[in-house]
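Written below as structure tokens is the structure these notes are about.
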């Protein structure tokens, strides 16, 4: 198990708010500063929540530069995915030059890729970078299905030090089995982090090294508390806090975490409305009302300041 | 049924060959010139076969400009898809300025889109362009599933004049039923074209207005013959020629038409090897041997010059 703070603990995925079809620099900087203050272990700029797939090279460079400057001592990871290897390598160069401490790479596809092609992509990047690479296994957006064998091959490339796995449902024992089988397949020392906020408490209790968190990018407090409870061995407390967040997890399930967290950030006044890149549209009025209701519940329970 | 040649008959989808990570201009121009000489009804630059999803704005503008210049009197359609509406609109502007006669738009996704978001994308484009728009329904690459209701709504937008539907298998009667139900849903006069080369003869016999053809971008002769036979009312002859191409259709099914047609173009000397944008890799030696064998069969049958 990797002990570096860089690839363990709580990594917060901030939105990259879009206003007038450009990155809203002031809002983004404010978000990142708040995350650093909240004591997250790392900040992943340009995750899926950070709209990386919609941003061009200049916008991505801008976002990583702003994030590194605003994050202070907190390490910044940067998403670099693109359908074309050439662009991935350019993003990797830019992110490293901007001070990213690690790179998050999803094999974004248009034509479906074979396992050998996915491996080739990671090999091309691996041989061109000097910071750790996190394998971003996100079948919901990339439509790439990683087998353990593919993970094993990629994990043996230089600089590949972590894997961000998709949600595993079914409780602690199921996650423990899943992580155990993946750990036995991949290179020793490769950190395994969970995505899918609703299952994160279970996954941390089950031994995942990191939580790559959508919600922590907007509401770091309760996420920090979940990770701290797990670190202190208090599984029950971690799961209790996660249970308090159920109204949000249900909305994530219904509308996708991306649109819900954008609406939440809008309600909190952290970003302007709308803040997602077209053609992605904000939640409709019914969805926004649900987000407001969930937020009211969280405020009543003291998870969000009044 | 639209009678304009622009959106009916045989539209050939050329490769945009990539060499040294850039568009191979000479090879691309030669391909387009050959298609014009072969008498295709239109040339669609920057289809999926033309790797549009992998090319940046400058490369796309370059490809459309080259295609329009090389196509002579043959109209050129241009693919403009991108995950972000802003980029789609830029591609539309560039393609129109370069002389594209129509635009082909697939709703490329990263985050899954709702039907309303897909409609919004087409509405944004529709209100910004002055040439016909072809709706590119390609679930295999975009992961968007078009209902007939969504097609109906989009078809009523200004400038939307045609739909490129995904393959329909099961024979002439099945395609006729599918096209009939789609036609009754969409705005009158919207042309319906088939993709999926293996089923094109059946689809044309069943009344499809156009064949958006991968193979015709590299081997227009037999595709032209299939369309001409159908136009002459000779369904049997169209299906006989399509049957002769079965060795290729089988390889399309096994490896995807994109990689197979690239290998075919390489074997024919039309492009250098490799010609696809990384991380997409050329067929392996076994696949290439199959393509060579298929090509030898086609040569024996006189479908390809010796």
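Backbone N, Cα and C atoms are what each Cβ position is placed from, and that goes for glycine too.
Please treat TrEMBL annotations as automatic predictions, because they have not gone through curation.
Going by TrEMBL, these are the annotated features:
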- B:136: active site, proton donor/acceptor (ACT_SITE)
- B:164: active site, schiff-base intermediate with substrate (ACT_SITE)
- B:49: pyruvate binding site (BINDING)
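All features noted in TrEMBL, drawn onto the structure.
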residue	record	Cβ neighbours (10 Å)
B:49	pyruvate binding site	27
B:136	active site, proton donor/acceptor	29
B:164	active site, schiff-base intermediate with substrate	25
(message) I want to verify one value. Collapsing DSSP to three states, which class is the residue listed as 'pyruvate binding site'?
(response) coil
(request) Between the residue listed as 'pyruvate binding site' and residue B:136 (active site, proton donor/acceptor), find the distance joining the two CA atoms and give it rounded to the nearest Å. (result) 13
(request) In whole Å, note down how far the CA of residue B:164 (active site, schiff-base intermediate with substrate) lies from the CA of the residue listed as 'active site, proton donor/acceptor'. (result) 5
